[in-house]
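Below: one structure, written as structure tokens.
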């Protein structure tokens with residue numbers, strides 16, 4: 001008797017999908033990168049977050065349109081493959097892979113910065129080695145965090161942010177009145193500085209597009225997924241800007257003793273040493289879980305690509321017979337993580353942003369391509385399917401130009417490798433590009 005295929009159950013509501021997207025974006029990240037954003041923007045962090053929100057909203061609208069056209073679990077790679085062809089889609093997927101490869105490094109680096117604050121006897125690079133070793137060992141052993149634990153730790157991160165904000169507000173009420181407009185624009189502010197800060201701040205928004213991969217799990221996906229994409233982006237953007245505004249009121253300007261640990265120094269100021277230490281310990285716990293999940297997700301993606309013969313199957317497409325884990329992939333991500341031994345959080349996040357911005361550019365281009373295919377001539381169609389996506393493309397390309405020269409160089413070198421690899425895979429573009437399975441769950 002033939003077995004019936006197992007399909008996903010569409011059980012998630014709009015609210016559930018929005019919460020998933022917000023959890024994926026890690027709201028506590030705003031505290032981690034606030035100091036860097038304030039420093040680059042000369043004390044106008046909330047303006048940088050608002051600019052980044054506006055820029056990302058344009059791409060979110062394009063994602064929403066694509067999700068309405070293709071109400072299945074999708075991604076920038078999937079949309080590009082459908083609208084722009086298999087070879088262009090492959091290169092978009094290749095750029096997204098760059099994000100995945102660097103994400104564990106960023107998680108380990110952020111975690112190490114917090115640990116160094118708590119235990120300064122060990123330098124950041126020392127904690128990096130410890131983090132890489134521990135998370136890799138745990139993942140190799142096949143131990144992954146359950147969904148319930150995941151939600152608990154995500155909730156912990158949100159509560160810590162809210163607790164910090166409350167202490168900041170109490171601190172402000174006890175101080176002399178401060179300028180309410182200076183955090184938005186001050187004498188030291190420049191458009192170039194705010195734009196450069198927005199390019200770094202955009203790292204906080206990575207993950208809003210993850211809700212498009214939940215289409216097959218969502219009730220009335222054609223209606224709810226597009227709404228969820230925009231709601232997640234708008235909600236997260238306002239939350240980030242509001243938290244940054246309150247923090248900038250507590251600490252006007254962009255000068256810090258150490259921008260990478262600005263939130264810790266501010267927590268000492270608003271709540272005392274004991275409060276700061278407990279808050280930091282909470283972020284350390286959340287950060288370790290984040291490192292585990294991100295490394296596991298990356299290793300699983302590499303496994304799916306190896307299994308599909310996009311990457312060498314003997315290396316990337318095999319599991320350990322006992323633990324059922326992609327051991328080579330975990331070790332591979334660990335080696336890449338060693339890059340973080342000698343770089344800052346700002347530079348590390350810019351590596352990820354390169355692929356993300358170009359991926360968003362591709363989605364906007366997909367909408368424009370759809371516009372020309374369907375010849376939408378109504379005014380609303382002209383704005384929604386041509387002008388807004390075109391503006392979104394320009395904004396994302398501008399944000400790419402604001403990244404560090406090192407990030408841009410690495411990004412284009414990676415893209416060049418992808419082009420050469422694509423030529424080899426397609427025998428000089430004579431075959432269709434192989435399909436990258438970018439939509440399977442990390443949990444397998």
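Glycine residues also receive a Cβ, built from the backbone N, Cα and C atoms like all the rest.
Some features that TrEMBL has for this protein:
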TRANSMEM  12-37  transmembrane segment
DOMAIN    23-394  domain 'Amino acid permease/ SLC12A'
TRANSMEM  49-67  transmembrane segment
TRANSMEM  88-110  transmembrane segment
TRANSMEM  122-145  transmembrane segment
TRANSMEM  152-172  transmembrane segment
TRANSMEM  184-208  transmembrane segment
TRANSMEM  228-247  transmembrane segment
TRANSMEM  283-306  transmembrane segment
TRANSMEM  327-345  transmembrane segment
TRANSMEM  351-372  transmembrane segment
TRANSMEM  379-400  transmembrane segment
TRANSMEM  406-425  transmembrane segment
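The transmembrane segment (49-67) shares more Cβ pairs under 8 Å with 228-247 than with any other stretch in the list 12-37, 228-247, 351-372, 406-425. Counting Cβ pairs under 8 Å that are 6 or more residues apart, the transmembrane segment (228-247) and the transmembrane segment (184-208) reach 3 or more and are in contact. The list of residues near the transmembrane segment (12-37) in space but at least 6 beyond its ends in sequence, with Cβ under 8 angstroms from a Cβ of it, reads 45, 48-49, 110, 113, 150-151, 154, 157-158, 160-161, 164, 197, 200-201, 203-208, 210-211, 214, 217-219, 224-225, 227-229, 231-232, 235-236, 239-240, 243-244, 247, 256, 258-263, 283, 286, 290, 344-346, 349. Between the transmembrane segment (351-372) and the transmembrane segment (379-400) there are at least 3 Cβ pairs closer than 8 Å, counting only pairs 6 or more residues apart in sequence, which means the two stretches are in contact.
Long-range neighbours of the transmembrane segment (152-172) within the same chain, counting only residues 6 or more positions beyond its ends whose Cβ lies under 8 Å from a Cβ of the stretch, are 23, 26-28, 30-31, 145, 178, 243, 246-247, 249-250, 263, 266-267, 269-271, 275, 279, 282-283, 285-286, 289. The transmembrane segment (283-306) and the transmembrane segment (379-400) are not in contact, since fewer than 3 Cβ pairs between them lie under 8 Å (pairs 6 or more apart in sequence).
Using a cut-off of 8 Å between Cβ atoms, the transmembrane segment (122-145) and the transmembrane segment (379-400) share fewer than three residue pairs, counting only pairs 6 or more apart in sequence.
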